[in-house]
Structures are given as C-alpha cells and as structure tokens.
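Step one of this worksheet: look at the structure below.
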Amino acid sequence: MTFSLVLEQLLNGVQLGVMLFLMAAGLTLIFGVMGLINLAHGSLYMVGAFACAVVAAATGSFWLGLAASLAFAAAAGALMEVVVIRRLYGRDHLDQVLATFALILIFSEGTRWVFGSFPLYLDIPQLLQGAVPLPGGTAYPLYRLAIIVTGGLVAIGLTLLISRTRLGMRIRAGESDREMIAALGVDIRTLYTLVFALGSALAGLAGAMVGALQSVQVGMGEPILILAFVVIVIGGIGSIKGALIGALLVGVVDTMGRFLLPQIVGLFMSSAQAGPVGGAIASMLIYLLMAAILAIKPRGLFPAQA
Amino acid sequence: MKAILKAATMALALGSSTLAMAEPIKVGLITTLSGGGAGLGVDTRDGFMLAIKQSGNKDITVVTEDDAQKPELAVQIADKMIQSDNVDILTGIVWSNLLMAVVPGAVAQGKLYISTNAAPAALAGEKCDPLYFNAAYQNDNLHEAMGEYANKVYKKMFIMAPNYPAGKDSLTGFKRYYKGELAKEVYTQVGQTDYAAEIAQIRASGADGVFVFLPGGMGISFMKQYAQSGVKIPVIGPGFSFSQDVLPAIGDAALGVKASGQWSKDLDNEANKKFVAGFQKEYNRLPSLYALQAYDAAQLILSASSKASIKDVKAFAAALNKADIQSPRGKFKFNNNRHPIQDIYVTEVVKENGTLTNKIVEKVFTDHGDAYAKDCKK
Amino acid sequence: MISREFLINGVLALLLLAVPFIASAVGQPFTITLATRIAILALAATGLNIALGLGGLVSFGHAAFFGVGGYVAGILSSHAFSGDPMIFGFEGSKQMLLIWLTAAIVAGLLGLLIGVISLRTSGVYFIMITLAFAQMVYYFAISWPAYGGEDGLSIVVRNQFPGVNTMRPLTFFGVAYGALIVGLGLFAMIRDSRFGAALQAVRQNEVRVASVGISPLPIRLTAFVLSAMMTALAGCLYADLNRFVSPSMLSWHMSGELIVLIILGGTGRLFGPVAGAMLYVVIESALGGITERWQFFLGLILLATVLFARGGVIGLLAGKARHG
C-alpha cells in the first residue's frame, strides 16, 4: 500500500462526501426551517440528472444542462412545496414520511412514463475530461476534482448566505422561532417556498454532476437519499456545519472502509473468504458508525438549538 | 444459398404445421417492467412477442405482468397465473433470485418453466427438473469464456463482481478457466454507484487486464468513471455488462471493450437477419442479448406446439428438448440438464453509423455445456 | 354501548374471513392467496402498531424483524429438509409452532439490542436510527452466502401446523387468520392494560409521566420488543405463504409499506392495520392488472389519503378516535 494510493482514496472519500453534502444541505435546511422530513429529496436529485441529460443531449452543451438541472429541480421543488408539502408542516413526522414516500412513487413512475425504462446518456464536458497528475506519480480524474471544488464553493456560499444576507437572517429566525417570525410580518409562505426551492436546486445540482459519472436512470436517487439521511443525523439535524462534517466523515469512512476492510480481514482468513466478508462489513460500516454516534450523542455531533 | 433455402423451407414447414394443430396454449410472461431493471424486462417482453408475431400463430396467448424486481411479487404473480389464469407455461424472469423463488413452486405444480435469462447453478445440477428449461445459457458460461480468453491475452488479472451469489458464481466461473496470476479479487456492494475506491486499487494493482461483472446501472457507472480515471489497463467482461440496452448510456467509454456472448447481432445466418431486422422494424432500436434469449424461448414453444399437445406435459417437454428451432445464434441444442450447448464468442464494442454495438472477434468455445450437467440425474 | 368503530371492526373481520370461502366456492383459488397475504401483512402491521400507534415510536426499520422472522422459518425448515444439523446438533424444524417461538425469541433479542440504543433518541433521530439498523441487517443478509444471500432461500414444502394440512390454501389461510385474530387480541389487551395506559401516557406527555416517578425507557423498550416479536411472527407466515425468503423482506421499502398500512387504515386503531392491508393489497392487485404504471397511481392514492383523509379508512368510517 503506497502513499499515493492512500491519497487517492482520501480524495475519493472527500469527493463522495462533497456530493453527500449537496444532498444533505438541502435536507437539513428544510428540516431546520420547516421541521419537515422529505423522503422525496432523492427524486429531486433524479429530476436534476434527467434535466441535465436531456438538455445536454438536445443542445450539445453540458453547461446548459447543468443550468437546466438547477432550474428544473428548483421549479419541481417549488411546485411540490406549493401543492403538497405546504399542507404537511403542522403534521407529525408520520404523515410527512407517508406523503413524501408517496411522492417518490409518483416521481419515479412519472419519470419512467416520460423517458422510458432505459438509462440516459450524459457525458463529462470536454473541458473536464481526463486526469491530472498527483504527487506520488499517479493521476486523478479532473472531473472529480471539479466536484470537490464546486462542493467547497457551495459550502462557502451557503454559509455566507445564511450569516450575511437578509434571506439568511430570516432563515435563522425561522429555525429558532416560527411563530415569532410570522408575527414580525415576514411572508412566511414565500420564505418556505424559497428555502424548499433552494434545497431542491442543490439536490438537482448534485444529481446532474453525479449523472455524468454514473447512469442517469429512474431510482438513482434512493441509495443516495438514505446516505444523505445518515449524514444529517450524524451531523445533527438542522445544522449546515453538521451536514458538512457529517458528509465528509461518511464519505471518507465509507471509501476507506471498502478499501481497507477486506485487507484487514485478510490478515485473519484466506483471501478467497476475505473479499466477501470484508465487503459485507464495509457495506454495513457507515450504519455502524451512525448507530455508534447516536448511542453516544443522541442528537448528532452538532445539535442545532431546538 | 443452399442454407438459405433450407432455412426458408424449414420455416415454412414450421409455420404450416403449427397452423395444422390448433391447440391453444397460454403463456405467463413474468418480467421486470418497472424499477431500475425495467430495461431488461422490456427487451425480454419485446423479443418474446416478436417471435410470436413473426410466426403468425394465433393459438398462443401471452399474459404479461410486472414483477417490479421483487421476489415476493414474482411468486404471487406466478401463483395467480397458475391458479386463476390457468397458464400452461411460465417464462420471462430476468433475475436469478426471482427465478429461484418462482421455479421450484411452478414445476412442483406441474407447469413448464422456460428461462429467458437467469440460470443459477442451483437449478442446473443435482436439483435440475424435467419441467425446467433454460433458453439462454448457464450463469457461469460467459464468465468461463472470458477466463479462457484471458489465458491468451493477459498474465495478471484484477477481477471484480458485486457481493452476491451471481457475483461469486461469476468470479468462480472465470477462475475455472483462467490459469494465470490473480492481482486481486474484489467484491463490491450490490447497487453501488461509485467505483472510485475500486479504480484506485486497479491502478495500484499492477495487473495487465481487468475482468468486471457489473450488470445494469453498476456497469454503466463503472465504465464511465474508469474512462475518466486515466487508468489504461484494458477491461473485459461477460456480455450482459456491455449489452445493447446499456451501451448507449455508457457512451464512447465502452469502445474497444472485449466481452463474451453466445450471440451477436452480426452473426451471419438467415435466422439472425430475420430477428435483427424484425426487431429493428418493430421497436425501432437494436435488440439486446435479453431480446434474443426471449425470442428463442418463444421459438422453442412454437416449435414444440407443432409436435405435441400441451395437454400432455411430458410429451410437450420432450418436444421442447428437441430444440428444433433456427436460433439466431446458430447452433443450439439442449444438454442433459436442459441448459444450452452452444458456441461462445468474444465480441468487441465498436461504433457503426454512430451507434455503439458489439462485433464478433473470435470464437472461444465450441459446443460448450456447463460444469453442473453431470450432476443432473433427472 | 356498542360503538360504531366496534361494528366496523366486526364487519371487517367477517369480510376477511368470508372472502376466501366464497372464492373457493366459485373457483377463484388465487383470491385465497390474496386474503392470506392481507391477514399476514395486517399481523405484521399490528405488531408495528404496538410501537407506533400506542407508543408513538415511528420505527422505520421494522422490516428487520419481519425479515428475521422469515429467515428463521426458512433456515429452520431448510435444515430440517436437508438433514444437516445446525449449531449444537439442532436439526431444524418444520413445525410452525416451534418456528414461531424461535422467531419470537430471536426477534425479541434483536429488538432489545436495537431498542436499547435507538430509544436514547427521539423524533426524526429515532426514525433514522431504526432505518440504519434495518439497513445493517439487510446488507448482512445480502452478503451472507450460507443461506442464499441475494438469491434468497426456498422453502420446498410449507411448514406444518399440528392437526391440519397447511399445503391446502384454505387451511393455511385459516392458520394466518387465526394468528391475526390472536395478534389483534393481544394488541387490545396491551392497549387496555395498565402497561398500555402508561405507554400511551408516555407518548402524550413524557415529562409528566417522568415527574410522577415512572421511567419512560423500560416502558418504551418493552413495547418495542413486543412489537418486534409480533412482526417477526408475521414474517414466519409470510415466508410460508411464498415458500421463499429473500433480503427484499428486509429492505427499507418493506418498512415503509408497513407504516403505509397503518396510516392507510388509521393510526393507533385496533383494526387500522387490517383495513390498511385490505385496501393496499386490493389496490395493488387491481391496479397491477390494469396498468404497469400502478405504482404511480398507488402514490396518488396514498398522497390523497394523507392530505384529505386523516385518520385513514377507519377514521373515515367511524369518525374521530376517542383518544388522541
């Protein structure tokens, strides 16, 4: 095992973490401000990927596709908020879970209805093709580096938005006291729709960026949705900082686990058995991590003030 | 020319004789039409229906239902088709785990099952059944072919598959024939979408070849990410990882990949031309391996229906076993475990008129059976 | 006085009992399978209802117990069938009663372990940590080769119940229906017991209960474990119905479906899971026959239920619940 391999795996972990952060940031924002669990967040991720693939195929430009993914996901999110989600704010979590579970079914089958059952094609833009050299003599895909940079920029942008702008002030106020902010004359309905659209746009962006690396297909949002929930629960629901740290933690632990566990297990048993056994433990690892963290800190690492 | 004529007369004879014996047959087609794996099910259904349509046979009715890739649902549909719809034959399931759930119950109730894809080892050996036929292959076949091929080309292989029974069977099948050195054997998570960690290991492994079995979306993700990684070690795999249903989504990243298959659309025979042209005309896309396998399953039923009555299941099974069909894959006959004996080829992904597709490079196995047939005593 | 809800419950129970006999008489044997499936799913959801309806514990991981029940049935009967002994020379079993007992014990222990850790959290954290545990069990089952992994495990011949032939669809329905009625009886007993009163008090106002000196944790933990055991029992029956177990019984979709059944029928109601399971299975099989887009319409129906029919089917028919 060389230094460069470990470095590459660390970068992979960070990149996965950044993607998860884009998903988790929206989820945690929506929960923090509106107190809503949105299982259909993964559907918005799928909407972003499909919008990007379709627009990129029609225009030949990935960048237009990326813009479309933001626009479509934000629009789909806003629509979803106005038509359905708005009626769920006062309800308990049980109703929210069921309603957004129903939305997953509708979005998935609806997308298949429109686009068919076969995966769509979406390629990495010409500008970001190929790999760049790393210290230690290996190379790393440029596109993955670009994802890391984008995620970093989004994290900074979100922090500035929340701490420096008028909208951010209202979001913070909404998190700490919902009745009060309404009493102060802020148009709470518009604020909620805006926050929801913002979270949706981030999910759409994540979907579009990942879509170029994977297959754009129905159901692509579900695995990452579960991971994003693990992230926000580890980080503390409602906390952007918690989402960022949780996402990086999950990304790195998952990647390193898949990489190292089979080798560690290999020290104790034959290599033919070590692969499957190590792989099995690796796939359970982040859930173990989450259970361990919650057992010690039941409200996550950075609990937002209730 | 002579061959063409012969095929034409055979087809004619087949057509007329089916019309002569008007014995209605009801086929239950259970396949995946929703969820992530729906592409495979759609091709299965379309391939099957194409053969029925081309035959002009009006005595065969097909009931189709979606299993949503859930084993429990598949079992319920099978029960319903057998108990309420009174189907005579079941077919169409894509996935091994769904097949394992349905087949034991179906054959126990005296129904025929003809598999259009899944072929788990468990049903090919000791637990084979006289009413269970496989029109596709035995699961290990395509992996074995790649192992044999790798012997000639590579010295040190990195091999990888998802951590589930079909994945383990895949690597076992590969190793059954591959005699060179193994750089590493990696099992990934089922449904995994990011392969950065595995690609880093490939880069560091010092292998000169990579064998991957990653069906459906997993393979699409892997190939796209591999192309961007800067790793230049060639990738090989079984045919379904680079089948016609996934190639458009992988894009140019798949160019040059060698894969194994018992069929390719460029095989030069009359039956294949009829199949490929018919499929393109009917559905406006190229057929995949799954479409071919379902097409042959339907052909088998059509052929048997002209020889025996479905009322006598044993006689009908015997007629199926003769495999008197013109398969687009060329030679086709059944082994003693009612799995195919057939030639297996290595194909390469190429671009034809802007469309990605597979082209045959060489033949690896001639009249290849499987490792389990010897244990089948029924 | 007999309440309206009581009448509706009686009608539902009789309806579920009558349908298979009518179906059998008019030669629609598959309807018996559907009715059996309803009874089993209703039992699983009744188990979850102990935690969710009475205790307010929204477990998004009950598929773990459902699947564990299924696997206990599958593993025990596969050993009995093949003759290979399991650990300690135990040869497995094909007796449903023994299988149920084993499943209840195994699921109870698993529920204890998950409960002790999960009940430290509440609200959304509880939903998610139960989901995490279920995912662990799911991935374990997929990668564990001994019992089929992703391919699942077939039960060649349905397990036996003393004195009857379970291979007959109508008889097996009888077994499942009987189990459901016993499960509903247990649920009602728990609800009306002192323990049940404490459990519901903890749900409504944890602080007040704690202030009178009752510790909420043991009460919730007991409810969670009981809930796990009943759901596991339903899992055994489900495995026998399909004569097959696979990791998909453990997937988060299954957990979601169990919650759906309860809400569809009416949260916290005795017969909520029964009404929910009836509606769900009927919708699924009716829509599935009409269109392959059935999941789209199922989604619409579920959404409409949450938005406009609060209290579910029973709520619509019987009016508001007597207690919150």
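Note that Cβ sites are derived from N, Cα and C of the backbone, with glycine treated the same way.
Going by TrEMBL, these are the annotated features:
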- A:16-37: transmembrane segment (TRANSMEM)
- A:44-64: transmembrane segment (TRANSMEM)
- A:70-89: transmembrane segment (TRANSMEM)
- A:101-122: transmembrane segment (TRANSMEM)
- A:142-162: transmembrane segment (TRANSMEM)
- A:190-212: transmembrane segment (TRANSMEM)
- A:224-253: transmembrane segment (TRANSMEM)
- A:274-296: transmembrane segment (TRANSMEM)
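Counting only same-chain residues 6+ beyond the ends of the transmembrane segment (A:70-89), those with a CB under 8 A from a CB of the stretch are 34-36, 38, 40, 44-45, 47-48, 51, 95-96, 99, 103, 189, 192-193, 196-201, 203-205, 207-208. The stretch with the most CB contacts under 8 Å to the transmembrane segment (A:274-296), chosen from A:44-64, A:101-122, A:190-212, A:224-253, is A:224-253. Between the transmembrane segment (A:16-37) and the stretches A:44-64, A:190-212, A:224-253, Cβ pairs under 8 Å are most numerous for A:224-253.
For the transmembrane segment (A:44-64), same-chain residues at least 6 beyond its ends with a Cβ under 8 Å from one of its own Cβ atoms are 23, 26, 70-73, 76-77, 80, 107-108, 111, 115, 120-125, 200, 203-208, 210-212, 216, 218-221, 224-225.
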